[in-house]
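Feature list (source: Swiss-Prot):
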ACT_SITE  E117  active site
BINDING   H141, H143, H212  Zn(2+) binding site
Amino acid sequence: MQAILSSWFVQGMIKATSDMWLKGWDERNGGNVSLRLTAEDVTPYESDFYPQPRHEALSQPMPALADCWFIVTGSGKFFRNVQLDPADSLVVLQVDSDGKGYRIFWGLTNGGLPTSELASHFQSHIVRMGVTHGHDRVIMHCHATNLIALSYVLELDTAKFTRELWEGSTECLVVFPDGVGIVPWMVPGTDAIGDATSEQMQRHSLVLWPFHGIFGTGPTLDDAFGLIDTAEKSAEVMVKVRSMGGKKQTISTEELIALGKRFGVTPMEVALRV
């Protein structure tokens with residue numbers, strides 16, 4: 001048996017959370033990450049599991065996730081400290097066979113619970129499992145500075161917000177041709193915001209929480225991080241463009257269409273018509 005601290009998924013979570021903090025996206029205990037695992041991923045580390053796993057109830061049944069394994073950031077844990085004490089900052093859990101609760105097999109050594117946004121993560125995992133036929137395994141939430149800033153000055157319309165980001169950096173249309181979904185401002189940590197987010201995840205791999213942050217998804221931690229990083233870089237460009245007096249020229253609709261054809265992606269049609 002191997003030590004779970006050296007596992008690819010613990011090490012991956014350490015790197016992702018450290019990188020997110022260094023980017024300035026996750027102040028204090030802001031942000032949360034979850035990675036769906038397989039039984040094969042966790043089996044080699046069973047010797048590190050708690051002999052009597054603690055059981056917790058879910059806020060609503062999630063039968064679609066029955067028996068699924070996850071590694072998740074802990075509630076109230078600072079991302080800057082994950083690298084210092086991953087065993088307290090992270091948690092490996094398995095959803096019950098009836099989907100009504102979960103058991104904590106490793107982590108949270110000083111007590112506590114998984115992220116307060118667990119409902120949002122799980123609801124989005126269910127949707128992305130269906131949309132991508134199980135390919136997407138990561139849900140990542142952070143407080144990306146410039147995306148938040150743009151939510152104060154741009155109309156909160158999916159097509160218009162997406163178009164702005166596509167124009168902010170040539171690679172954006174290639175990286176997220178499905179655009180950015182937007183939910184209304186809502187109280188975080190509730191089933192309601194989880195419902196709204198997962199509904200947008202049916203069509204978008206990025207979902208903006210105005211005045212709060214961004215949700216991203218992908219097959220790997222690198223994919224989800226890179227997705228958010230790309231959108232945030234474009235948002236930073238557009239914040240700077242506004243500070244310099246606004247656009248004098250930009251990428252045209254025809255050029256965006258040509259870009260999609262060159263890279264074999266289908267851009268969200270409504271964003272092309274803005």
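Each residue, glycine too, has its Cβ placed from N, Cα and C.
Values in this document were obtained by computation on a predicted structure and should not be read as measured data.
In the three-state DSSP scheme, H141 (Zn(2+) binding site) is classed as strand. Looking only at other Cβ atoms within 10 Å, the busiest spot among the binding-site residues H141, H143 turns out to be H141. Taking the C-alpha positions, the distance from H212 (Zn(2+) binding site) to E117 (active site) comes to 13 Å. Long-range C-beta contacts of E117 (active site), restricted to its own chain and to partners at least six residues apart, with a cutoff below 8 Å, comprise N32, H141, P188, G189, G194. Other than the site residues H141, H143, H212, same-chain residues with C-beta atoms no more than 8 angstroms from the centre of those residues' C-beta atoms, the Zn(2+) site, are G30, G31, C142, A144, I148, P188, W209, G213, I214, F215. Packing around H212 (Zn(2+) binding site) is summarised by its Cβ count: 18 other Cβ atoms lie within 10 angstroms of its Cβ, all protein chains included.
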